[in-house]
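Here's the structure, in C-alpha cells; my notes come after.
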Amino acid sequence: MNNEETFYQAMRRQGVTRRSFLKYCSLAATSLGLGAGMAPKIAWALENKPRIPVVWIHGLECTCCTESFIRSAHPLAKDVILSLISLDYDDTLMAAAGTQAEEVFEDIITQYNGKYILAVEGNPPLGEQGMFCISSGRPFIEKLKRAAAGASAIIAWGTCASWGCVQAARPNPTQATPIDKVITDKPIIKVPGCPPIPDVMSAIITYMVTFDRLPDVDRMGRPLMFYGQRIHDKCYRRAHFDAGEFVQSWDDDAARKGYCLYKMGCKGPTTYNACSSTRWNDGVSFPIQSGHGCLGCAENGFWDRGSFYSRVVDIPQMGTHSTADTVGLTALGVVAAAVGVHAVASSVDQRRRHNQQPTETEHQPGNEDKQA
C-alpha cells in the first residue's frame with residue numbers, strides 16, 4: 001500500500017465526492033463526541049496527513065475483536081482499512097499467509113520504525129517460556145516485543161489484551177498476561193470489552209489519526225470518551241432502578257414490563273463502557289435492551305467474580321456520575337446508601353404485593369352479604 005497517500009486522496013480515488021467527504025468528517029466528529037465544530041479540523045487532517053501504517057498481531061484470543069471491528073458502521077471498516085490507515089499486516093484479514101506474511105511483517109516494522117501503530121489482539125502466555133502460543137514458529141511474546149520496539153503507540157484491543165480475560169481465569173495455567181505487564185516503555189491505550197464495540201474501535205483510530213496522539217484516558221488507561229461512565233448511568237432501565245422496581249425472575253411480570261435487571265445479576269452498575277449510549281449493531285440494541293443483564297465483560301477480573309446471575313453486593317466502583325478515577329474515595333458511603341435503597345425498595349415492593357392480596361375476612365363464608 002502507498003502510505004504517502006492521504007485519506008482524502010484515497011477516498012477521491014474511490015469516487016467519493018467532496019460533499020460526501022465532509023459529511024463523513026462531521027459524522028466522525030459526532031461519533032467522537034467532539035461536536036460538529038471539530039469537523040473542519042478532522043477534514044484538514046485527513047486531507048493533509050499521510051495514512052498511518054498499522055501492524056495488527058494476535059496472541060491468545062478468539063478473534064472476536066477483529067470480527068467486531070469489521071462490522072463497524074461509523075466509520076465503515078472498509079473506509080478505515082482502505083483509506084484512513086494502511087493496515088499492512090494482519091494475519092487474519094490479509095491475503096498473504098505463512099512465510100510471505102511474515103516477510104511483510106519484517107518489512108513494515110523495519111521500513112516504518114518508530115512510525116507505525118501496533119494493534120494487539122489477545123495476550124501473551126508466559127508459562128513454559130511462552131510455548132502455549134506460537135506465531136511464525138516462535139513464542140508470541142517474542143513477536144510482541146519485536147513489534148512493540150518500533151511502534152509509536154500501542155492499542156490493546158479487547159479484554160484479552162487489556163486485562164487477560166478468560167485465559168487468565170484462576171488458576172491461569174498458561175500465565176496469560178495483559179500486554180501492559182510485558183511492554184512498559186510504550187504508550188498503551190486499552191479498549192476493553194469481549195469484544196469492544198465496533199464503532200468505538202473505529203473512532204479510536206480516527207482520533208489518533210486526526211490529532212496525532214492518544215485520547216485522554218483514565219487511571220487504568222481506557223479512553224474517557226467511551227469509558228468515562230458506567231453502563232448503568234445511561235441505561236434506559238435506570239428509572240426502574242431508582243424506583244426500586246426489579247425483575248425477580250425471568251418470567252415474572254416485571255420482566256415483561258422491562259424493569260431493572262440488577263437483581264438478576266446485571267453488572268451495569270460496576271461496568272465502564274459505552275454500550276448503553278453507543279449500542280451495538282449500528283446502534284440497534286445492547287444486551288440489557290435485549291432482556292439480559294450486563295456481564296461486565298469490559299471490567300478487569302469479570303471472569304473470576306462468580307455467576308453472571310448473582311446480584312452484585314460489593315460494588316467497588318460505585319458512584320452515580322463518577323469516573324473510575326474518582327469513585328474510590330466515595331465507594332464505601334455509596335455502597336452503604338445503595339444497600340439502604342435496595343432494602344427500602346424491597347420492603348415497599350413486598351408491602352405493595354401484600355396490599356394487593358385479598359384479606360382473610362374477604363374470603364370468609366357469608367361475608368359477601370355483609371359487604372352488600
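Glycine residues also receive a Cβ, built from the backbone N, Cα and C atoms like all the rest.
Summarising the environment of CYS194 ([4Fe-4S] cluster 1 binding site), the number of other Cβ atoms within 10 Å of its Cβ, over all protein chains shown, is 22. The annotation [4Fe-4S] cluster 1 binding site is assigned in Swiss-Prot to CYS62, CYS65, CYS160, CYS194.
The feature [4Fe-4S] cluster 2 binding site is assigned by Swiss-Prot to HIS232, CYS235, CYS260, CYS266, with similarity to another entry given as support. The Cβ of HIS232 ([4Fe-4S] cluster 2 binding site) lies under 8 Å from the Cβ of ARG238, PHE241, GLY268, PRO269, THR270, THR271, SER276, each of these being in the same chain and 6 or more residues away along the sequence.
For CYS275, CYS294, CYS297, the entry in Swiss-Prot reads [3Fe-4S] cluster binding site, with the evidence type similarity to another entry. Around CYS275 ([3Fe-4S] cluster binding site), the same-chain residues at least 6 positions away in sequence with a Cβ under 8 Å from its Cβ are ILE197, ILE231, PHE286, PRO287, ILE288, CYS294.
Positions annotated as region 'Disordered' by Swiss-Prot: 346-372.
Feature annotation from Swiss-Prot assigns signal peptide to 1-45.
Annotation comment: Swiss-Prot describes 46-325 as topological domain 'Periplasmic', evidence class sequence analysis. The average per-residue pLDDT of the prediction over the topological domain 'Periplasmic' (46-325) is 91, rounded to a whole number.
Look at Swiss-Prot and you will find 347-372 tagged as topological domain 'Cytoplasmic'.
The transmembrane segment annotation in Swiss-Prot covers 326-346.
The list of residues near the signal peptide (1-45) in space but at least 6 beyond its ends in sequence, with Cβ under 8 angstroms from a Cβ of it, reads 51-53, 74-75, 79, 82-84, 86, 88, 112, 199, 202-203, 206-207, 209-211, 225. The binding-site residues considered are CYS65, CYS160, CYS297; of these, CYS297 has the fewest other C-beta atoms within 10 angstroms of its C-beta. The local packing around CYS294 ([3Fe-4S] cluster binding site), expressed as other Cβ atoms within 10 Å of its Cβ over all shown chains, amounts to 28. Put simply, CYS297 is the one of the binding-site residues CYS235, CYS260, CYS266, CYS297 whose Cα lies nearest to the Cα of CYS62 ([4Fe-4S] cluster 1 binding site).
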